């Protein structure tokens, strides 16, 4: 694997860069800066980043079938019109928990938007426990709540046959699998697929490749690991020049490039001077594997 190349394509210094999604129509990478309260788009053509400021922590972004995007904003699902820079609320969750916010979210193969919540952090990965829940925004804009008692709702994806849903609650240090019913969007039979080792630190965002293997960004671990969900074994480790790797996705013309977001929150001056690219967006090439294009929200 000596041909693997890691480069920082946008050294934006995001506080918590998250939720990378490839927008094929724009040849661009979408992502968010949660605490920086902005939705960002890096063009692979111009190499420039555009950003739209929003009025609350924005934790995930997804493509929408009807055009433009959907986002999770505070404890709201919302629509974002890029050109108009217009955000409209679709619906609220966790109304009884004013200290909560959404975290990671992703669209399933049937066009439903899955996203989970958590309590606001006191400092990175320190927060009131068991305050979050996992939700789905359906195409008719109704909301389903799957379960609660979540610490930090994080990475999510679906197996290639759409029969398994993979999910991370970060402070469990586990990548979990559920049986998944594509027709109904129901999940069940939760089990741990992989437990993180100490040096891998905290599991964060994840994505799947065309071989059905999972890639998990390890927050504070400075790496992305490739896992085999069949055997529960780690197959590969990609080291990055920053500790706070937050999430990953595939993109580029043929989805053979991996994009990794990172964070700088909680780093002091000395730490930042050692890692000047903290909070940047990284592109990894030469992996020899391709990813699955993102699904579009059907609502």
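Even glycines carry a Cβ here, placed using N, Cα and C.
Quick look at what TrEMBL lists:
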- 16-264: domain 'SMP-30/Gluconolactonase/LRE-like region' (DOMAIN)
- 18, 154, 204: divalent metal cation binding site (BINDING)
- 101, 103, 121: substrate binding site (BINDING)
- 204: active site, proton donor/acceptor (ACT_SITE)
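Residues belonging to the domain 'SMP-30/Gluconolactonase/LRE-like region' (16-264) score a mean pLDDT of 97 in the model. When the Cα of residue 204 (divalent metal cation binding site) is compared against those of the binding-site residues 101, 103, 121, the shortest separation belongs to 103. Residue 18 (divalent metal cation binding site) has its Cα within 10 Å of the Cα of these binding-site residues: 103, taken from 101, 103, 121. Between the CA atoms of residue 154 (divalent metal cation binding site) and residue 103 (substrate binding site) there is a gap of 6 Å.
Neighbour counts of Cβ atoms within 10 Å were taken for the binding-site residues 103, 154; the minimum is at 103. Taking a C-beta cut-off of under 8 Å and a sequence gap of six or more, residue 101 (substrate binding site) has these contacts in its own chain: 56, 57, 59, 74, 75, 117, 118, 120. Ranking the binding-site residues 18, 121 by the number of CB atoms within 10 A of their own CB puts 18 at the top. Residue 204 (divalent metal cation binding site): 29 other CB atoms within 10 A of its CB, across all protein chains.
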